[in-house]
Amino acid sequence: MLRCRSSINILQLHSRFHTHEIIISSKESEARTRITDEERLVIKRFPIFKNDSSYILPSSNKLTKVKKEHIALKIHKIKKLFGEDPNNVGYLNYHLPKSYPVPFEINNRAYDNSDGNGENEKVRNRLSVTKLLTKRWCELREAYDIYSETPLFEHKQIIEGKLVHQKLEEDIHPVTEDLESFVEDFEVPIPTDNFHNHVDDLFSCSMRLLSLFRCGEAREVRCHAFLDSRTGTFIDGLPKDGKDVLVSGIIDHLSLRRKIRVFTSSGFTEFNGLNDEVFENGNNFQSIIEWLNANIDFLKSEYQINVSDVKTRMFRSVVSQKSVLKYSKYQVMYYRYFLELLGLHPDVTYGQLLNSSLSRGFNIDQRIDPAKVIYFMASDEVIVDDMRKLRDGDDIGFPPFDSDFTGSSPTEEEYDMSILSDQITDPNVLERYGEFLVPWKRPVTLKYFAARLAQMYNCISPLLSKHLTLEYYYKGDNFKNINFDFNEDEIRNGAFDSSMFWFGKRDIEPIEPTSENLITYCKYCDYVNVCSWRQKATQQKKELGPRLLKLNQN
């Protein structure tokens, strides 16, 4: 496999875009979900630990102590909020609490402790793509989990899935030896605070979109859209107010492919990107973007970008539940749709990226630490020419960004890279970057990285294929792919239905109480033995036989 030059950020190996955290051992996993001593005292008073048969845990003989405590705490919290079903004593009510905030506010309020300086990575006014899939399993289970406000329990399958994702990512975006050596030997501390890590995410996403053309693949690519909570529809412009909610996700796999495979006497030729063509006029953003825009008609006729999602399995088989498969497809459709929206108008996307950064609590005008700028140039020389332009006060060729400096007076605080001159003595570093260790006419801010990322989204959007893929992996082996087509109407309807739930415009819609569903969906649910919806359905089925028999006798 061709290993792409777009590398993983060596300074953030512990966190891929703040989502794919790698847990090495089950002990560490338990530590993340370990319950406090105070909570443990509360739990010991629960009926679940007093031999109350109505609170028996699902498959309790197979659960660890930590998992049992985790479930018990959730049930305790939900019972306090939802109360018991008045028509089914001992079981949980399955209607949204009328006197309590709607699901979105519950999901959102956990993020209200940001200090305004970006020191909290949680995002206000946001949903993830997976949060739109409320009916993937059972919406009632989803609602209980939301209102319990309890962190996700990371079981073995989640941990192994993250490891598979990391391995796939490193295969395409390895940490280069040159960058490892640079970071190890660099004499100036490279900042890794939340703000600089966020900027790193923007830079890394641009590099991954470039890697589509360098080597034909990219993994772990960020995308987003804004959902109007009033109408349940996605907008294609800038958010107007707090009612437009950020929905974000990370795409597992993008691949650039020929529309028609090339066959020679030795068989089909392997496609490894368009590195020679795209970079023939120089390895810098402006020339690359200009080439892609100038050749877009040719590219559309010959190539397409496929969007895929990776699903890891504990067995060599795909999911059997129809709703799980349906909403897994929706997930990929959302990703593809978001990329399409992001590519429509680069100036709008630029504004959205800035808005997204603001929602994370970051100052979009904050200057990037000079050591981080050197690190970015060492990571990929594609930005070196842009850094020269900013240093010299020249435009980079993207008007929405360049206009910030048009007719402006010198900034109150000079952006001075010369402060590193006395700290850097390595002759190799001075030879490569000495020209930048001077006062700059324009500062490097988050806005620059948002600008180039917006342009890259615009370059790939026209190439998006209607054909999408679910990739199934077992122990690192891609044993099955499911191909399907993009359907915009389906995800528009799905987003509308999900938003009605999140913003409290409809009640919870539990899974259909068929015999098959009660077995395949409910068996391993944390709430299986306190769920009134399930208990009523089960009881009705038990009574159905005698009722039919009685009718027959009459």
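Residue numbers in this text run from 1 along the chain shown.
Just so you know, glycine gets a Cβ as well, placed from its N, Cα and C.
Worth saying up front: this structure is predicted, and the values here are computed from it rather than measured.
C138 ([4Fe-4S] cluster binding site) falls outside any helix or strand according to DSSP and counts as coil. C138 ([4Fe-4S] cluster binding site) has a Cβ environment of 24 other Cβ atoms inside 10 Å. Taken from Swiss-Prot, the feature [4Fe-4S] cluster binding site applies to C138, C522, C525, C531.
Summarising the annotation, Swiss-Prot assigns transit peptide to 1-17.
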Within 10 Å of the Cβ of C531 ([4Fe-4S] cluster binding site), how many other Cβ atoms are there?
24
Between C522, C525, which of the binding-site residues has the fewest other CB atoms within 10 angstroms in the structure shown?
C525
Local backbone state of C531 ([4Fe-4S] cluster binding site), from DSSP in three classes:
strand
